[in-house]
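Peer 1: Residues or ranges marked as domain 'C2H2-type' by TrEMBL: 22-52, 54-78, 81-108, 109-132, 137-164.
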Amino acid sequence: MVQTETGKKYKKYLIDFNASQPQCPQPNCTRIFTTSKLLKAHIRKVHCADKQKYICEQCGRGFSAQYLLQRHLVVHSGVLLECSVCGVKLSGRTGLTNHLRSHLNIRAHECGVCKKKFTRASTCATHIKFVHKQGLLGCDQCGQQFSSRNQWSVHMKTHRQEKPD
């Protein structure tokens, strides 16, 4: 397969983009993070079942630390925090903080394709991936596209006749 100079630059852009916007590799988890450090923390807190010693009695969700369970319990308590700008009610400080960012209208994350701006890097990454179909990883052998490196890696093993992990 012959690649043009533009094609090579585009491929490098996609690699750089994906590297700067790490996505959770777990099946059925679509979370995208601004840093790999946040991704690692997410995996440790949400997906490491062996470390989930603290279980919510109301919904069965597990947590690796008591403080994470306590923070989660706010969801079930019915205690809601109200946005002072628009009055919407949210559970937990994190939800309210994230919501308040939208009122500040600081849109520092710009789509490289259409120049639309976003308040969060993860929202921008999701926009690019699903609106412009970029950030998808393609198989050079069959053309199939994947939204995560994990999916792509498992697929590539089928061409090498390896058993997926």
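Don't overthink the numbers, they just go from 1 along the chain as shown.
In case you wondered, yes, glycine gets a Cβ from its N, Cα and C as well.
In TrEMBL, annotation is done automatically, which means it is predicted and not curated.
Could you place the listed features in the three-dimensional structure?
Peer 2: The average per-residue pLDDT of the prediction over the domain 'C2H2-type' (22-52) is 76, rounded to a whole number.
Residue counts for the domain 'C2H2-type' (54-78) by DSSP state, with H, G and I taken as helix and E and B as strand, are 12 helix, 4 strand, 9 coil.
Each residue of the domain 'C2H2-type' (81-108) gets a DSSP state, and the totals for helix, strand and coil are 12 helix, 4 strand, 12 coil.
Note on the domain 'C2H2-type' (109-132): DSSP counts are 11 helix, 4 strand, 9 coil.
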Peer 1: Determine which residues of the chain contact the domain 'C2H2-type' (81-108) at the Cβ level, with the cut-off under 8 Å and only residues 6 or more beyond its ends counted.
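Peer 2: Same-chain residues near the domain 'C2H2-type' (81-108) but 6 or more away: 71, 74-75, 117-120.
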Peer 1: Go through the chain and flag residues at least 6 beyond the ends of the domain 'C2H2-type' (22-52) whose CB is under 8 A from any CB in it; none is fine as an answer.
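Peer 2: Tertiary neighbours of the domain 'C2H2-type' (22-52) are 62-65, 68, 121-122, 125-126, 147-150.
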